[in-house]
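*Asks:* Below are the features listed in TrEMBL for this protein:
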{"type": "DOMAIN", "residues": "B:34-592", "note": "domain 'CstA N-terminal'"}
{"type": "TRANSMEM", "residues": "B:12-29", "note": "transmembrane segment"}
{"type": "TRANSMEM", "residues": "B:35-53", "note": "transmembrane segment"}
{"type": "TRANSMEM", "residues": "B:94-114", "note": "transmembrane segment"}
{"type": "TRANSMEM", "residues": "B:162-184", "note": "transmembrane segment"}
{"type": "TRANSMEM", "residues": "B:190-210", "note": "transmembrane segment"}
{"type": "TRANSMEM", "residues": "B:259-278", "note": "transmembrane segment"}
{"type": "TRANSMEM", "residues": "B:285-306", "note": "transmembrane segment"}
{"type": "TRANSMEM", "residues": "B:326-346", "note": "transmembrane segment"}
{"type": "TRANSMEM", "residues": "B:367-391", "note": "transmembrane segment"}
{"type": "TRANSMEM", "residues": "B:465-483", "note": "transmembrane segment"}
{"type": "TRANSMEM", "residues": "B:542-567", "note": "transmembrane segment"}
{"type": "TRANSMEM", "residues": "B:574-594", "note": "transmembrane segment"}
Amino acid sequence: MEPQQSLRRRLQTLSKCVCDGARLMVGQGDYAAYAAHIRQTHPDQAPMSELEFFRNRENARFGVGNTSGFRCC
Amino acid sequence: MGTAIGRHGPWALVGALGAAALAIVASQRGETINALWIVVAAVCVYMIAYRYYSKFIAEKVMRLDPKRLTPAVRHNDGLDYVPTNRGVLFGHHFAAIAGAGPLVGPVLAAQMGYLPGMLWILAGVVLAGAVQDFMVLFVSMRRDGRSLGELIRAELGTVPGIIALFGTFLIMVILLAVLALIVVKALAESPWGTFTVMSTIPIAMLMGVYSRYIRPGRIGEVSILGFVLLMLAIVGGGSVAASPVWGPAFTFTGPQLCWMLIGYGFVASILPVWLLLAPRDYLSTFLKIGTIVGLALGIAVVAPHLQMPAMTKFVDGTGPVWAGGLFPFLFITIACGAVSGFHALISSGTTPKLIANEADARFIGYGGMLMESFVAIMALVSACVIDPGVYFTMNSPAALLGTTPETAAAAVTKLGFATTPEVITQTAADVGEHTIISRAGGAPTLAVGMAHIISSAIGGKAMMAFWYHFAILFEALFILTAVDAGTRACRFMVQDLVALAVPSFKNTTSWGPSIAATAIAVGAWGYFLYQGVTDPLGGINTLWPLFGISNQMLAAVALTLCTVVIFKMKRERYAFVTIIPTAWLCLCTLTAGWQKLFSADPKIGFLAHAERYATAAAEGKLLAPAKNAAQMDQIILNDRIDAVLAALFIGLVVAIAGFGIAACLKAWRADRWTALETEPRLAAAE
């Protein structure tokens, strides 16, 4: 059973990696990592909700004054 | 000894295989060659370069330190600065650097045959392009992920910083104009393509509403929805084109499309981002990555033969697709697949803020650019698998070919690439277009090549028209995304630049400055776009070299910065790593710029061209395409503006190189380290 489980674990890791990669390509970082980071380093603050985080990242990519959404030729 | 063989032995085999493949590619004469040899040669070169050269740069020049804290770790906020898995970050970085450039440049360069282009793509990426991306990433990563403009200001001084900011704006304008021109050239007189591309606007808006109000944040879901609608739009486009009512309604001339794009660029860049820009970004990004993977698989499975000769007689500079000799114009034409200055903006953008470990920079910076170069190799293969007669029919200017299959076939045959009117008519019918004559700009040619390869694997000839329009859509989609994202970026740059004189202009939340800045940005690229669309030589002839010069020039600027940093770190014995590509790029851009200005050949030199028209105008004569005296004056003015631009680019390279040399000398004379890195003390692991 052992090798099968580890294969499954690996496939899960891979699919998470692909999904995270695809999201980051369009400027959406990892929400779970963000929330964990805030809870750990700023226990007094409430992290943004998942939706707020999504909007925040959308604006950070293309929003006013920001050029990081600029693509190459 | 034994371990050395164990360590280097497999790489020696890779090297031998690569050398053998290169020998086969280079020595083939008179017969067609299988594209896989090119792919194998390229992959072996990349592997060796990555294993040895990038390692040398990482260890000796940069001394990357896996223990040193990166900006992502030190400033971790879960948002902009996040330590990210290197595979994930590689995808992000590659998606940001890959665009239309590496696809179009090699297609245009194919007029000289596949060999010169292939050799420059490989040599350029290994010694210049990947070095630039990697070095800039390193420099930015050691400085809290600051941007190229800020880095130049900090390491070279305020004046070079402002020059570079102004230069970047000019480059951006030319880039947007040339990208928009590619779309216009691909969609003119093509109801199928126009319908498909236009339908991306309502599709994106639908997706925007969906991900704003219905199921927010579900990118995967909304992208699949969008993709299905896109495929339906391609299929629907076929019916639209065939319809006697809708076909003509979606048939537009170049100038009409040009005005539509200008209007679109203006509106799209002030609309809320969630409505149009963000959702179309999902579509274009995923479609781009998917299509690149698909094309790689297609080439591997189909293993097509290249029809284009290794070298054509046009290496002497008499080619119809673009004017100018192999040196310097080949190196200008293939910009992005070999070395692209724009990557310096990305490598000093979001990527350095996300690197978890310094050692990852090698894989992401150097490796990412190798991947981009591979895309360029695939584009070159796609352009070379189609019949050279068809290639030159599609890419030569209408002034040479006339407008009927008969005149075009005669003209192309006279160029030395035998073809018949039947072949031209049949190819147009296969891809579902009215005509393929003089469809310059690279995108249609690439689409025919891709349709040829993919339809050999899936769907056969019956699916060729579908794949052709799929390829057009794929290119148009990410070009349009670049046009609105770029117009926004330009607008902010205008606001920054004007704010140097009028500080209140920087207020990005008030409407007045925003609209004024957007109008300046759109007006600037719109002017060059219109000029390109109405150019009798096809526009690409004029604009692509200007774009290439500006892009390579930005690379020279970025590499100058890297050289200065190497000197400031007191590692000048390794400075050849950046000095060689900088010198080569300066040589190419300055020679090309000089020829564009002063060449006596009106096909190459802007001033000679203006002179020819001015002389004719003074004698009261009209030269095509001008139909009256006002148009003659317009052409003369266009030429002179292009000449001023070329002169500005030359001035910019010379100025930055001068500041760079001065900074290097100063750092060389200093008896200690003078680079302005974040202090190692702060970056040391606890």
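Note: Cβ is positioned from N, Cα and C throughout, glycine not excepted.
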*Asks:* Please work out whether the transmembrane segment (B:35-53) lies in contact with the transmembrane segment (B:162-184), by counting C-beta pairs under 8 angstroms that are 6 or more apart in sequence and asking whether there are at least 3.
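*Replies:* No, these stretches are not in contact.
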*Asks:* By a Cβ-Cβ criterion of under 8 Å, what residues six or more beyond either terminus of the transmembrane segment (B:465-483) are in contact with it?
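*Replies:* Apart from its flanks, the transmembrane segment (B:465-483) reaches 99-100, 103, 176, 179-180, 182-183, 186-187, 190, 192-193, 196-197, 200, 230, 233-235, 237-238, 261, 264-265, 268, 277, 280-281, 283-285, 287-288, 291, 430-433, 443-444, 446-448, 450-451, 454-455, 458-459.
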*Asks:* Do at least three CB pairs under 8 A connect the transmembrane segment (B:190-210) and the transmembrane segment (B:94-114), leaving out pairs fewer than 6 apart in sequence?
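*Replies:* As far as Cβ distances go (cut-off 8 Å, pairs 6 or more apart), the transmembrane segment (B:94-114) and the transmembrane segment (B:190-210) do not touch.
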*Asks:* Does the chain bring the transmembrane segment (B:574-594) near the transmembrane segment (B:326-346), so that three or more CB pairs sit under 8 Å (pairs 6 or more apart in sequence)?
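*Replies:* Yes, the stretches contact each other.
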*Asks:* Within the same chain, where does the transmembrane segment (B:12-29) have neighbours whose Cβ lies under 8 angstroms from its own Cβ atoms, ignoring anything closer than 6 residues to its ends? I mean 6 or more beyond.
*Replies:* 37-38, 40-41, 43-45, 47-48, 115, 118, 310
*Asks:* How about the transmembrane segment (B:259-278) and the transmembrane segment (B:190-210): do they have 3 or more C-beta pairs under 8 A, pairs 6 or more apart in sequence?
*Replies:* yes
*Asks:* Counting only residues 6 or more past its boundaries, what in the same chain has a CB within less than 8 Å of a CB in the transmembrane segment (B:190-210)?
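*Replies:* Result: 183, 222-223, 225-226, 229-230, 233-234, 236-238, 240-241, 246-252, 257, 264, 274-276, 278-280, 282-283, 432-434, 465, 469, 472-473, 476-477, 480.
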*Asks:* Mind pulling out the one from B:285-306, B:367-391, B:542-567 with the most Cβ pairs under 8 angstroms to the transmembrane segment (B:326-346)?
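*Replies:* Looking only at B:285-306, B:367-391, B:542-567, the most contacts with the transmembrane segment (B:326-346) come from B:542-567.
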*Asks:* I'm a bit unsure how to read this: which one of B:162-184, B:285-306, B:542-567 has the highest number of Cβ pairs shorter than 8 Å with the transmembrane segment (B:367-391)?
*Replies:* B:285-306
*Asks:* Average the per-residue pLDDT over the domain 'CstA N-terminal' (B:34-592) and send me the rounded value.
*Replies:* 93
*Asks:* List, by number or range, the same-chain residues at least 6 past the transmembrane segment (B:162-184) whose CB is under 8 A from its CB atoms?
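*Replies:* Hits for the transmembrane segment (B:162-184): 100, 104, 148-149, 152-153, 197, 254, 257-258, 261, 265, 341-342, 345, 441-443, 475-476, 479-480, 482-483, 486-487, 489-490, 493-494, 496-497, 500, 521, 524-529, 532-533, 539-540, 543-544, 546-547, 550-551, 553-554, 557, 645, 648-649, 652, 655-656.
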